[in-house]
């Protein structure tokens with residue numbers, strides 16, 4: 001009976017779904033003509049697959065919504081500490097934006113060349129084979145993506161609780177409870193419906209852009225009043241340490257992280273060969289401009305020394321610049337971080353889904369709900385690991401580990417693109433970048449990985465290497481040799497019955 005779930009509850013490939021951009025055809029319209037969040041109808045004998053419901057607007061919202069999260073409210077302090085001067089900090093903010101744009105354009109070539117979900121996982125599989133792809137899925141599924149969501153949810157909880165406590169502050173215990181509750185809410189949203197998840201993403205992205213505008217407007221008002229005394233001596237006390245510069249890039253790039261999230265959901269993007277590059281050209285310059293203007297706004301209110309000593313830069317800005325409506329800033333930050341966490345989990349679930357479909361993780365994690373068409377098992381799996389990280393970690397300890405490990409694989413993806421230019425020259429590339437772009441990002445990624453190890457080694461870097469070695473050990477018996485515990489089949493049956501999920505088929509774009 002369970003094996004027949006795939007065919008008896010599948011859906012017809014001829015039913016085009018209506019996305020956010022007003023395209024024709026609505027795969028979620030019931031017989032009474034009402035638009036439904038999740039499909040209610042099915043046709044016997046059809047195949048189950050992820051549907052293309054993400055249009056250009058939702059693509060832009062996914063990138064902007066995941067990039068503008070907690071980073072711009074957390075990173076200015078760490079970045080200024082490591083650079084030593086406002087001049088170098090602004091250069092790094094701009095350079096991080098340029099790097100993100102170039103990296104995303106290189107990913108656009110990879111994503112249009114291989115339209116399956118999973119981003120780096122799919123590209124490493126194409127270029128280097130199963131082991132590097134498995135290592136990426138191993139580390140990303142168990143460490144990278146859960147730690148990213150954990151950082152964002154902890155930031156959300158910190159600012160959400162801040163609005164309801166006195167000057168004594170809030171306890172870590174309360175913050176972590178709120179963070180866990182936010183994870184559960186986001187998990188429900190992403191499991192219930194792709195349209196609901198993208199709708200939430202669109203709404204929260206619009207709200208956070210309004211919040212950024214409020215901060216920038218406050219800064220412009222202060223500049224008009226003549227508050228420019230903190231913009232003198234731009235490069236005074238600039239660091240000369242290459243390791244400090246590299247870790248300053250970690251802080252900046254953490255704020256920009258999310259530039260590649262669209263590639264994780266390629267199978268759900270309508271007309272990916274056109275919409276992926278368009279979304280990148282719109283979203284990343286917009287985010288870069290927002291970040292530079294927000295940093296200018298901070299400096300109209302606070303000196304560099306005050307920013308270095310202040311863990312809640314945005315809140316202090318609100319108190320000094322907005323007066324009685326200062327509560328708008330904590331509210332804006334909670335909106336921003338919640339939207340970012342929602343988008344990050346949306347993308348993370350697709351990575352786990354893609355790796356499981358190739359047999360690199362438990363196969364049941366590649367199943368999707370037979371009516372809602374969401375990768376429910378992979379989303380729940382990610383959420384469980386994220387909750388464990390929230391319970392055991394802190395924001396600062398997670399950021400450095402995340403950035404170091406992430407740039408190992410970002411560099412690997414650039415290398416994959418360079419390799420496939422020569423090993424697969426005839427593969428269609430609807431979008432193609434000049435080869436200097438992936439080469440530049442690859443060299444920069446090498447610097448970002450090697451420089452901190454040489455100049456200021458940290459235990460987090462060793463943990464990353466140990467985890468990669470553990471992945472290689474795990475790969476041989478369970479993936480290469482295909483050993484499987486007997487209980488896995490039993491668990492698969494239970495999960496299928498409990499969640500009403502079934503296997504999927506990859507459907508390529510026309």
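Any Cβ shown, glycine's included, is placed from N, Cα and C.
All TrEMBL annotations are machine predictions without curation.
TrEMBL assigns the feature transmembrane segment to residues 135-161, out of the candidate ranges 135-161, 243-269.
Between the transmembrane segment (321-353) and the stretches 54-74, 373-395, 401-423, Cβ pairs under 8 Å are most numerous for 54-74. The transmembrane segment (460-479) shares the most Cβ pairs under 8 Å with 401-423, out of the stretches 173-197, 203-224, 279-301, 401-423, 435-454.
If you look at the transmembrane segment (54-74) against the transmembrane segment (279-301), you find at least three C-beta pairs under 8 angstroms, all six or more positions apart, and that counts as contact. Proximity of distant same-chain residues to the transmembrane segment (435-454), defined by a Cβ-Cβ separation under 8 Å and at least 6 residues beyond the stretch ends, is recorded for 99, 102-103, 105-106, 242-243, 245-247, 249-250, 253, 403-404, 407-408, 410-411, 414-415, 417-418, 421, 461.
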